[in-house]
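Asks: One structure follows; several queries about it will come next.
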2 protein chains.
Amino acid sequence: MTESMEREEQKRLQEQLINLLKENEIDAFREEFLDMHPYDQGQFFEELDEDLRFALYEMLSPEEMANIFEQVEVPEEDYQDLLSEMHPMFAADMLAEMSTDDAVDVLNELDKEQVASYLTIMDEEAADEIKELLHYEEYTAGSIMTTEFIAIKANQTVRSAMQILRREAPGAETIYYTFVVDEQKHLVGVISLRDLIVADEETMISDVMSERVVAVSVAEDQEEVARIMRDYNFLALPVVDFQQHLLGIITVDDVIDVMDEEASDDYSKLAGISDVDDTAGNSPFGAAKKRLPWLIILLFLGMMTASLIGRFEDTLNQVAILAIFIPLIGGMAGNTGTQALAVAVRGIATGEIQEEGKLKLLVREALTGVITGGSCGIAVTLVVYVWQGDFILGALVGISVFATLIVATLTGAFIPLFMHRLKIDPAVASGPFITTINDLISILIYFGLATTFMGYLK
Amino acid sequence: MTESMEREEQKRLQEQLINLLKENEIDAFREEFLDMHPYDQGQFFEELDEDLRFALYEMLSPEEMANIFEQVEVPEEDYQDLLSEMHPMFAADMLAEMSTDDAVDVLNELDKEQVASYLTIMDEEAADEIKELLHYEEYTAGSIMTTEFIAIKANQTVRSAMQILRREAPGAETIYYTFVVDEQKHLVGVISLRDLIVADEETMISDVMSERVVAVSVAEDQEEVARIMRDYNFLALPVVDFQQHLLGIITVDDVIDVMDEEASDDYSKLAGISDVDDTAGNSPFGAAKKRLPWLIILLFLGMMTASLIGRFEDTLNQVAILAIFIPLIGGMAGNTGTQALAVAVRGIATGEIQEEGKLKLLVREALTGVITGGSCGIAVTLVVYVWQGDFILGALVGISVFATLIVATLTGAFIPLFMHRLKIDPAVASGPFITTINDLISILIYFGLATTFMGYLK
């Protein structure tokens with residue numbers, strides 16, 4: 001099937017489902033709808049208007065709705081509205097049926113009183129599991145883990161472990177890794193389902209499990225969790241407290257979402273925009289709201305640049321030609337700074353740059369600045385000399401480019417490293433911010449040199 | 001264990017292993033080393049110098065070395081050197097033992113003659129599997145899939161399927177999803193190991209398998225593959241040809257690498273640098289080489305800006321104060337363009353923006369430009385008026401900001417969309433490129449307006 005045919009097909013199915021909803025054809029609707037993948041169900045749900053959503057809630061059980069709701073991605077503030085559309089008992093049951101980690105994600109978007117009221121009317125066991133997860137800080141391992149894992153004992157046979165797995169499979173987040181705990185719930189080992197099914201049924205778990213189990217602390221940064229799962233190709237990672245008690249597991253699908261979120265976050269900040277995603281259906285006002293804060297900050301930084309140039313008004317009045325190279329020098333400074341920034345931010349994010357590697361990186365960046373600055377400086381000198389027939393002017397612009405590129409490269413690398421040391425997310429030293437700072441520096445260098453050597457200019 | 005303690009521990013182990021290598025203590029080395037996770041083995045290998053690598057090759061079998069080599073990440077040109085250090089037969093055996101997709105990744109970095117010679121001396125079956133994958137284009141589903149999957153028939157029982165799984169488990173990339181094919185190898189269904197182990201052993205596969213199986217074409221872009229696996233939370237995805245024959249599978253760990261690669265790629269391009277990663281151990285010359293091409297291009301674009309301002313030299317000579325707002329206007333234009341660019345590039349990458357949504361996005365961006373331009377324009381007018389006491393100058397700068405922001409926002413959105421239409425990766429319209437183009441446009445608007453209304457300026 002070609003892609004456009006597939007899209008046609010989907011559109012047809014969607015229209016058919018909407019008709020069945022409108023005509024209240026419960027059985028026909030359920031037969032078609034429940035046959036779809038939960039992700040597609042979620043996509044369908046997101047497209048519905050309020051009336052059709054009400055019709056849908058009538059036709060589905062809280063459990064069926066839970067599968068859909070796990071897939072729904074709407075702006076954070078909309079979760080509250082969606083839940084209040086449902087009967088409170090229906091909503092509470094749905095939350096109880098969702099994967100604990102997904103339910104917690106939804107609850108985190110609600111008012112405290114609302115959370116409390118749902119937890120009160122909810123099935124007690126589910127409420128307890130959710131409460132346990134609710135208090136972990138955002139962006140930590142605890143906030144993305146689930147407590148629906150299967151734990152077994154070391155002193156049981158493979159056969160009895162398989163029985164547990166078969167029994168627990170429907171409720172567990174994954175059964176492909178099973179974690180082994182001792183009597184005090186300390187994590188002592190791990191065994192994959194792959195190893196379980198090839199092992200002899202009478203073997204003891206302690207003989208086939210791996211004791212080299214990589215675990216993360218519940219307070220670990222989610223970015224570090226993603227790094228470990230990527231490097232070690234795990235499908236699930238156990239989460240422990242400081243005494244090595246097994247608290248939960250993180251599955252690979254959650255880590256993929258984290259990676260996506262972090263990549264989009266770094267990207268947004270490099271572009272100077274508060275959130276680059278959820279474009280679809282966003283109004284121009286919504287888009288402007290995300291961009292204006294940055295633009296206003298930059299406006300005032302730009303005013304500082306303007307007032308800085310204003311101080312050199314005498315120089316400018318005498319040699320107006322100087323003005324034509326302002327964008328060139330400022331642009332080069334901004335770009336080289338952004339390059340150095342990007343390398344440093346990615347290096348920190350991927351864990352390539354550790355504390356001990358920072359000085360090395362700065363030295364490397366300084367030398368890189370000398371090389372790029374030297375090359376560009378010579379090129380500029382020659383071009384300006386040939387073009388304007390004034391070697392002194394050429395040298396002035398060239399030397400400014402040389403000095404600017406070294407300083408800008410160092411600034412671009414230093415600021416994120418310094419922020420990381422202060423435990424601030426280095427990505428907030430966003431692209432436009434670095435660009436504008438380097439703009440300022442470049443003008444100071446350029447006009448400083450020009451004023452000093454003005455006597456020599458034609 | 002705290003993180004620094006863990007690092008201490010790792011360092012100690014590494015030193016111990018190096019000593020064992022140096023003293024040729026085969027048994028002690030193997031016992032310690034083979035107990036490590038392959039990723040850690042790979043990290044250890046990357047740190048070794050040539051002599052120690054030779055010692056290592058002596059101590060390990062091709063199969064053991066294959067596990068390590070699958071994890072090794074070195075600059076592309078180094079794979080050739082590493083392989084030529086090994087005895088050719090050892091290297092060929094190692095390649096044969098590697099996962100087919102990983103072996104193909106390595107072979108893709110070598111000269112054609114070298115590839116041919118390894119394939120000739122290699123085990124024939126492995127060579128055939130590798131040859132099959134070698135001809136798929138980079139960045140397609142075919143290039144990241146593996147042929148080591150398990151396929152079963154619909155008309156067999158769960159019991160017999162489990163027997164196949166147990167037998168094939170050691171060689172297969174994953175056993176958690178099993179794909180069902182008919183006599184002609186057409187893909188007809190899928191069943192997870194989870195469903196297999198809870199099913200009754202005498203049930204027929206056709207009764208428990210899911211027929212709604214999502215597959216990708218072998219020519220599909222790897223970014224689209226990653227998007228599907230992320231949205232549907234799959235652990236493995238089947239790859240088919242145009243007649244729906246099952247050719248291979250893609251596993252989630254490969255998709256994580258793709259996501260990482262693509263995110264880093266988009267990020268690099270936004271920063272105007274050819275590859276933001278592999279910072280560690282990179283020389284300043286290496287770093288400069290990756291940045292200079294962009295800087296040189298920007299230098300010449302900057303010269304165009306300079307010559308454009310040069311055309312307004314008369315205006316500048318008469319009203320030198322105009323020069324002080326050049327960086328402000330250019331900076332705002334560059335930033336707003338980068339914001340719009342980032343939104344468009346991400347929207348295309350995540351599949352949020354389809355062909356039909358492009359016009360809508362452009363209209364949205366134009367309106368966003370009107371809002372941000374209007375707000376910033378009014379702010380600038382007032383600030384400049386208060387500061388310079390010249391309302392006309394204020395209005396001139398403010399109107400320039402207003403007009404520039406609209407045009408720059410549209411340019412930032414339009415260029416990536418246009419490139420996408422031309423089937424060029426939209427991310428090549430990198431941040432610095434858009435910034436510089438918008439610099440040019442902003443100056444044209446600013447000086448154009450200034451020259452026209454110069455008579456009114458103080």
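Glycine is no exception: its Cβ is also placed from the backbone N, Cα and C atoms.
The shown structure was predicted, so the numbers you read here are calculated from the model rather than taken from an experiment.
The following feature annotations were taken from TrEMBL:
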type     : residues  : note
DOMAIN   : A:145-208 : domain 'CBS'
DOMAIN   : A:209-267 : domain 'CBS'
TRANSMEM : A:292-312 : transmembrane segment
TRANSMEM : A:318-345 : transmembrane segment
TRANSMEM : A:366-387 : transmembrane segment
TRANSMEM : A:393-419 : transmembrane segment
TRANSMEM : A:440-457 : transmembrane segment
Asks: In terms of Cβ proximity under 8 Å, which residues at least six beyond the ends of the transmembrane segment (A:393-419) contact it?
Replies: 321, 325, 328-329, 332-334, 336-341, 343-345, 348, 353, 358, 361-362, 365-366, 368-370, 372-374, 376-385, 425-429, 434, 437-438, 441-442, 445-446, 449-450, 453, 457-458
Asks: Between the transmembrane segment (A:292-312) and the transmembrane segment (A:366-387), are there three or more C-beta pairs closer than 8 Å, counting only pairs 6 or more apart along the chain?
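Replies: With fewer than 3 qualifying Cβ pairs, these stretches do not touch.
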Asks: In the predicted model, what is the mean pLDDT computed over the domain 'CBS' (A:209-267)?
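Replies: Reported value for the domain 'CBS' (A:209-267) is a mean pLDDT of 89.
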Asks: Are there residues at least six beyond either end of the transmembrane segment (A:440-457) with Cβ under 8 Å to its Cβ atoms? List them, or say none.
Replies: 301, 304-305, 308-309, 311-312, 315, 318-319, 322, 325-326, 329-330, 332-333, 390, 392-393, 396-397, 399-400, 403-404, 407-408, 411
Asks: By DSSP assignment, list the helix, strand and coil residue numbers for the domain 'CBS' (A:209-267), in that order.
Replies: 27 helix, 16 strand, 16 coil
Asks: How many helix, strand and coil residues does the domain 'CBS' (A:145-208) contain under DSSP?
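Replies: Taking the domain 'CBS' (A:145-208) as a whole: 21 helix, 18 strand, 25 coil.
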